[in-house]
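Inspection log for the structure reproduced underneath, given as structure tokens.
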Amino acid sequence: MEKKNETLWTEFVLTGLTCLPQWKPLLFLVFLVIYFMTIVGNLGLITLIWNDPHLHIPMYLFLSNLAFVDTWLSSTVTPRMLFNLLDKGKVISVAECKTQFFSFAISVTTECFLLAAMAYDRYAAICNPLLYPVIMTNRLCVRLLALSFIGGFLHAVIHESFLSRLTFCNSNIIYHFYCDVIPLLKISCTDPSLNYLIIFIFSGSIQVFTIMTVLISYTFVLFTILKKKSDKGIRKAFSTCGAHLLSVSLYYGPLLFMYVHPASSEVDDQDMILSLFYTVIIPVLNPIIYSLRNKQVIDSLKKMLKMMV
């Protein structure tokens with residue numbers, strides 16, 4: 001029999017990272033510092049790239065957009081998490097929750113496409129250096145960037161549309177520190193099987209496509225590098241590609257586990273830790289990963305610092 005007089009929740013309660021009061025001040029300070037570093041690092045990288053004409057090439061245009069998306073992703077998740085740790089942001093309306101997830105879905109998916117586009121750019125630059133200016137034109141670069149953001153937007157629209165069919169009448173407690181689709185499905189009183197299928201098909205397809213693009217691109221890059229006889233050329237290629245591969249590995253690992261592994265009705269703390277990794281930790285690491293081993297970025301930073309002194 002169907003339930004009668006069901007109360008549909010209009011607000012959710014985010015449990016946050018921890019329920020232990022003694023840990024909240026320390027966690028707040030730690031993640032506040034991480035968020036500050038994320039904003040400074042990524043916006044600083046964007047400013048550096050756009051102020052240096054020598055960096056106005058596709059490789060750094062992709063990198064500046066990656067920094068923008070990392071800032072977007074972190075700003076979607078971290079402020080709410082910080083308020084939650086202060087016991088001031090636990091309650092969130094259904095509309096706010098869906099808006100946060102929509103913003104989160106756009107940024108996460110866009111980053112997947114950007115990482116794939118960056119891998120193709122490195123393939124073109126290293127495997128076809130003489131033809132690179134012809135292959136990776138400014139027009140193609142802008143198109144790849146536009147497709148990345150459009151793909152992220154459309155993917156978010158699909159999930160948001162299927163999320164709107166759900167009702168929440170049993171529990172309004174979300175065992176997470178932000179509104180993600182999986183925790184929402186776990187508390188839905190509507191059968192979420194279709195939503196899980198949509199996640200598996202669309203999220204899985206996007207991740208498989210982008211990961212395969214990265215792997216195929218870097219397989220060709222690796223063979224090309226091994227054929228090089230110049231030690232300097234090998235070091236430069238490995239330095240550039242190594243940073244990208246590290247970023248890709250750190251980003252895709254948690255995502256694959258979160259959205260492609262079989263769904264479970266149980267609340268898993270491991271899922272929350274993995275989410276923390278790619279929503280908070282990766283955005284602060286990317287500027288470091290891409291900058292410290294990049295001579296052009298370091299040189300540009302030195303020039304900017306000299307001008308400021």
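Using the three backbone atoms N, Cα and C, a Cβ is placed for every residue, glycine included.
Database features (Swiss-Prot):
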| type | residues | note |
| --- | --- | --- |
| DISULFID | Cys97-Cys189 | disulfide bond |
| CARBOHYD | Asn5 | N-linked glycosylation site |
| TOPO_DOM | 1-28 | topological domain 'Extracellular' |
| TOPO_DOM | 50-56 | topological domain 'Cytoplasmic' |
| TOPO_DOM | 78-93 | topological domain 'Extracellular' |
| TOPO_DOM | 115-144 | topological domain 'Cytoplasmic' |
| TOPO_DOM | 166-198 | topological domain 'Extracellular' |
| TOPO_DOM | 220-239 | topological domain 'Cytoplasmic' |
| TOPO_DOM | 261-271 | topological domain 'Extracellular' |
| TOPO_DOM | 293-309 | topological domain 'Cytoplasmic' |
| TRANSMEM | 29-49 | transmembrane segment |
| TRANSMEM | 57-77 | transmembrane segment |
| TRANSMEM | 94-114 | transmembrane segment |
| TRANSMEM | 145-165 | transmembrane segment |
| TRANSMEM | 199-219 | transmembrane segment |
| TRANSMEM | 240-260 | transmembrane segment |
| TRANSMEM | 272-292 | transmembrane segment |
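Within the chain, the transmembrane segment (29-49) has long-range Cβ neighbours (under 8 A, six or more residues past its boundaries) at 55-56, 60-61, 63-64, 67-68, 70-71, 74-75, 78-79, 81-82, 85, 280-281, 283-284, 286-288, 290-291, 297, 300-301, 304. Segment contact is absent for the transmembrane segment (57-77) and the transmembrane segment (240-260), given fewer than three CB pairs below 8 angstroms at sequence separation of 6 or more. Among 145-165, 199-219, 240-260, 272-292, 145-165 has the largest number of CB pairs under 8 A with the transmembrane segment (94-114). When secondary structure is read from DSSP and collapsed to three states, Cys97 (disulfide bond) falls in the helix class. The Cβ of Cys97 (disulfide bond) has 22 other Cβ atoms within 10 Å, all protein chains considered. Within the chain, the topological domain 'Cytoplasmic' (293-309) has long-range Cβ neighbours (under 8 A, six or more residues past its boundaries) at 45, 48-49, 51-52, 54-55, 60, 239-240, 242-243.
Residues 17, 31, 34-35, 37-38, 41-42, 44-45, 63, 66-67, 70-71, 73-74, 76-78, 81, 104, 108, 175-178, 180, 243-244, 246-247, 250-251, 254-255, 257-258, 298, 301 of the same chain lie 6+ residues outside the transmembrane segment (272-292) yet bring a C-beta within less than 8 angstroms of a C-beta in it. Counting residues per DSSP class in helix, strand and coil order gives 14 helix, 0 strand, 3 coil for the topological domain 'Cytoplasmic' (293-309).
When pLDDT is averaged over the topological domain 'Cytoplasmic' (293-309), the result is 76.
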